[in-house]
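Some features that TrEMBL has for this protein:
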- B:18-437: domain 'DUF112' (DOMAIN)
- B:9-31: transmembrane segment (TRANSMEM)
- B:51-71: transmembrane segment (TRANSMEM)
- B:106-130: transmembrane segment (TRANSMEM)
- B:136-160: transmembrane segment (TRANSMEM)
- B:167-184: transmembrane segment (TRANSMEM)
- B:204-222: transmembrane segment (TRANSMEM)
- B:257-278: transmembrane segment (TRANSMEM)
- B:314-336: transmembrane segment (TRANSMEM)
- B:357-384: transmembrane segment (TRANSMEM)
- B:390-423: transmembrane segment (TRANSMEM)
- B:469-489: transmembrane segment (TRANSMEM)
Amino acid sequence: MRLPDSVTGSFLVALGAASAYGGYILPPVPGQPVGPNVFPLVIGIGLALCGLAIVFGIGHTFEEEEELIPLEDGQTAAAPPPQSKLYGLRALLPPALLLFYVIAADRLGFIITAALMVYVTSTALGAKWKLALPLAALSPFAIHLIFGKLLRVPLPAGLLPTPW
Amino acid sequence: MLKTLIEAFALISTWEVIIAMFAASVYGLVIGSLPGLSATMATALLVPVTFYLSPIAAIATIVAASSMAIFSGDIPGALLRIPGTPASAAYADEAYAMTRKGQAELALGAGVWFSAVGGIAGVLSLMILAPPLAEVALSFSTFEYFWLALLGLMCATLVARSSPVKAIAGMFLGLLVSCIGIENPGGVPRFTFGLTDLFGGIEPIPALVGVFAVAQVMRAMLTPEPPPLPRRKFGSIMAGQWKLTKKYHWQMTRGNIVGIIIGVLPGAGADMAAWVSYAMSKRFSKEPEKFGTGHVEGLVEAGASNNASIASGWVPSLLFGIPGDTIAAIAIGVLYMKGLNPGPTLFTEKASSMYAIYLMFIIANILMIPLGIAMIRVAAYILLAPRSTVMPIIMLCCAVGSFAIGNNMFGVVTVAAFGVIGYVMEANGYPVAAMVLGIVMGTMVEQAFVTSLIKSDGSILPFFERPVAAILAAMAIGALLWPVMVWVWRKVKPVRTAVATSR
């Protein structure tokens, strides 16, 4: 997901301009020289200036590249991940599952939704079904016990209510 | 004073506080020791739990979990060469080299002992520094508060290990996020795009959980699993620590002082303290050639330093509501939530609560020694937990925890969105800590800025008229402009040398 600095910088310029414009069109407070419009204006201009500086490479020399620590003997290196074009999209799985929780939790209930989320994440991280399945079956109950029962967070019952 | 102290003792000697503190300590030790789960993440995930606790118990959990997590990050650093938290990264190589030399006990023992000593030194600094500073702070007007807040934001960018321009951009992004909602000087909906969910603004806590926890799960999806821990049996953990304390007492003291100073600086946290102290230790050592080969000196200094910074990081947080580091940023959120609004008056009006916080820090650091030793002994089993079992549960906690904050699903959407934002920012060299500080401090900065502008009738001059305000302004503007100045200097320098050589 590494983008060129010119792309991120230009995005910031656009965002800064949008913020400044958003601030500019806000209604002022009658009889007062400053209102809710000033802060977004200042931030917008600042953001746009930073974006410009990034596009032109100012400050780039300060960036430190992350050092890779070589493995010692006795430690086995994990296989390098396959680098297909779509591989990077795997990173979007956690936020996608969180949105799934938002949509499904009320209908399916906490236990079923949570079990599905745990199973999918666990399998995506390389767990075999022998590990992922019991984890998905048990962990939602444990979390429900802590948050739902002890801390009284209202978690939806849906299709599968908990015994407590 | 004695009466306040007795009141503070009464506040913390309830079963709720004791159980909360013990549970949070164990939790902090476990999360800190798991590679990839930072102390900040441990604290952020704890916040939803604090809703259901009394104010003192809530603060106790934050204090205990953060102190323990910073120490326990040393454990996988020493055993696996993978620091559990970024604050242990500075000396993970050194500690691992000691383990390879068969001195794992000495390295881990130094971790637990000097962390506890550093932590206590940090609390002492909090006790000594905060009250007189509070008296000075009482004379501050909104002008000083504005510059101070800006300076706090700038400090975060100065110490970021990335491009300062990107850090400043991250800070502006955070400030922009804090603009969302109707809580602004005009009380009008701002950047809400007609969505009622956005009227209340973006809460800092789901944003924090998103950028620190969800983004970490996202990164785990693409990185290979760390290698498993080789089995080993430990001897006595604390053996030889007293000898080390006597031998390296000056290094320990210096580590404590540096940690305290870095902690007090807004924005610079335990990570920075550890790096600076380790570098100083090497620089001033009588045997610098031993560094990197498994030498305990750097561990003593940096281990003391990162824990000292945790407590002293609470000084600007409690006094001005300006977080010393990201953990303190979370703590500020909890303080506000529990009615202990940060500010100099906290020390006069809620003195017993203040003393209770000091006492909790001291207890947490004493508790660190037995619990830390126990943790080192069971670490081998905890570190065996594969990432595919830990990460799904973290994610579930993110979902439930963010829902619990407002009892609505919008919190979960916020967490998911900030997970993506944090991931993209980190991947492109934009420090997320700067954005987090922006989000936490945005409302305060705007309030100070707009109130000052109203007072001055739109004029900029009064921002520089009071002497303290002028000094703070000079520092903040200097911090803002220095990346540009360094850039210009570097551009001019080659031209000068070229001219000189052509002569």
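Cβ atoms here come from the backbone N, Cα and C positions, even for glycine.
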Segment proximity, the transmembrane segment (B:357-384) to the transmembrane segment (B:106-130), 3 or more C-beta pairs under 8 Å: yes
Beyond the flanks of the transmembrane segment (B:167-184) by at least 6 residues, Cβ under 8 Å: 153-154, 156-158, 160, 190-192, 198-202, 207, 425, 430-443, 445-446, 480, 483
Residue numbers, six or more beyond the limits of the transmembrane segment (B:390-423), whose CB comes under 8 Å of its CB atoms: 34, 37, 41, 45, 47-49, 51, 197, 200, 202-203, 205-220, 432, 435
The transmembrane segment (B:9-31) versus listed stretches B:51-71, B:204-222, B:257-278, B:314-336: most Cβ pairs under 8 Å: B:51-71
Winner by Cβ pairs under 8 Å against the transmembrane segment (B:204-222), considering only B:51-71, B:257-278, B:314-336: B:314-336
Outside the transmembrane segment (B:314-336), six or more residues from its ends: residues with CB under 8 Å to it: 39-40, 43-44, 47, 50, 58-59, 62, 66, 125-126, 129-130, 133-134, 137, 145, 148-149, 152, 204-205, 208, 212, 263-270, 342-344, 346-347, 354, 357, 433, 436-437, 440-441, 444
Within the predicted model, mean pLDDT of the domain 'DUF112' (B:18-437): 84
